[in-house]
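Chemist: Structure provided below as structure tokens; questions to follow.
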Amino acid sequence: MKPSKQILGLIGRNVGYSWSPLIHNTACELLGLPFIYTIFNIAEPQRLDDALRGARALGIAGFNVTIPYKQDVVPLLDHLAEEAASIRAVNTIVNIDGKLTGYNTDIEGFAAPLLSCRDSIAGMPVSVFGSGGASLAAIEAFRRYFKPSIIYLFVRDLFKAIRMLESYDHKETISICLIDDLHAGKNSTREHFGSSRVIVNATPIGTRGRTGDDVSCIVPLEKNLLHDSQIVYDMVYNPLRTPLLRAAELAGAKTITGIEMLIGQAARSFTLWTGEIMPVEEVRTQLIRHIETGT
């Protein structure tokens with residue numbers, strides 16, 4: 001008789017598109033681990049408390065948490081790991097004997113593909129586009145691992161950015177800039193952008209199948225702004241080569257695809273749940289094949 005499998009899952013809203021089940025189920029199958037990963041779509045934040053009480057009662061081993069609940073789950077947990085407490089956002093929950101601990105593996109996952117460039121980032125400006133949990137994870141990763149001279153946070157909505165940073169303890173590292181000023185040609189914002197060693201798109205704009213704005217409405221794609229002294233990092237992972245990354249390649253910039261962060265944060269979550277090391281290369285191969293074929 002086969003042992004029963006422990007349940008892992010993703011908490012979010014309208015997240016049927018997620019590749020997380022493929023990533024974690026592939027890793028578990030490769031290592032022969034008794035876990036199965038599924039999706040839990042939660043329609044409204046008022047139901048989060050019920051969902052987590054059910055997880056405690058049912059012994060669900062753990063969760064990832066995604067849009068829009070990374071901050072909403074924080075007060076519902078028993079403990080917060082230090083890195084999650086630093087940005088008051090959780091993307092991973094571990095259940096041990098009914099006690100739920102929240103972690104944020106986005107910070108480490110974001111940093112991983114940049115570590116080889118750490119020395120060239122230290123003391124230089126960087127720019128992050130977006131005012132959600134992903135941008136805050138990038139900001140904290142830069143502060144922890146790379147020590148840039150300043151982090152320019154480019155946003156559309158000034159008040160949303162201020163709210164996002166309300167409980168963040170390191171605001172002195174950040175200068176908020178308006179995207180509209182950048183596109184209007186305001187000299188100071190264009191200088192901030194052009195001087196940045198790293199440019200990060202931490203918005204979902206550019207995702208395959210997403211309707212609405214083109215990424216050029218957020219990040220300028222002009223060749224004279226993107227240049228070969230920059231690293232351009234797009235958190236969007238489908239398609240693999242986003243419009244932003246294609247423009248960056250034409251400008252001679254080094255590029256980093258969102259696949260790297262996706263797998264980096266997943267690998268850390270996987271270890272927290274299972275105690276094992278994810279077979280990253282095999283998982284990456286499977287993931288890229290599925291994204292490229294759309295299956």
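Glycine too: its Cβ is placed from the backbone N, Cα and C atoms.
Given the structure is predicted, the values throughout are model-derived calculations rather than measurements.
In case it helps, Swiss-Prot gives these features for our protein:
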ACT_SITE  Lys70  active site, proton acceptor
BINDING   Ser18, Trp19, Ser20, Thr66, Asn91, Asp106, Tyr237  shikimate binding site
BINDING   Glu82, Gly130, Ser131, Gly132, Gly133, Ala134, Met235, Gly258  NADP(+) binding site
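So that I understand the layout, could you describe where these features sit and how close they are to other parts?
Modeler: Here Lys70 (active site, proton acceptor) comes close to Ala89, Val90, Asn91, Gly133: these same-chain residues lie at least six apart in sequence, with C-beta atoms under 8 angstroms from its C-beta.
Around Asp106 (shikimate binding site), the same-chain residues at least 6 positions away in sequence with a Cβ under 8 Å from its Cβ are Ala89, Asn91, Gly133, Ala134, Ala137, Ala141, Met261, Gln265.
Ser131 (NADP(+) binding site) falls outside any helix or strand according to DSSP and counts as coil.
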Chemist: I'd like the Cβ neighbour count for Met235 (NADP(+) binding site), meaning other Cβ atoms within 10 Å of its Cβ, all protein chains included.
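Modeler: The answer is 29 other Cβ atoms.
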Chemist: Under a three-state reading of DSSP, tell me whether Thr66 (shikimate binding site) is helix, strand or coil.
Modeler: coil
Chemist: Measuring Cα to Cα, how far is Gly258 (NADP(+) binding site) from Ser18 (shikimate binding site) in Å?
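Modeler: Their Cα atoms are separated by 13 Å.
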Chemist: Can you tell which of the binding-site residues Glu82, Gly132, Met235 lies nearest to Ser18 (shikimate binding site) in space, using Cα positions?
Modeler: Met235
Chemist: Out of the binding-site residues Trp19, Thr66, Tyr237, give me the one sitting nearest to Gly132 (NADP(+) binding site) by CA distance.
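Modeler: Checking each of Trp19, Thr66, Tyr237 against Gly132 (NADP(+) binding site), the shortest Cα distance is to Thr66.
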Chemist: If you measure Glu82 (NADP(+) binding site) to Ser20 (shikimate binding site) at Cα, how many Å is it?
Modeler: 24
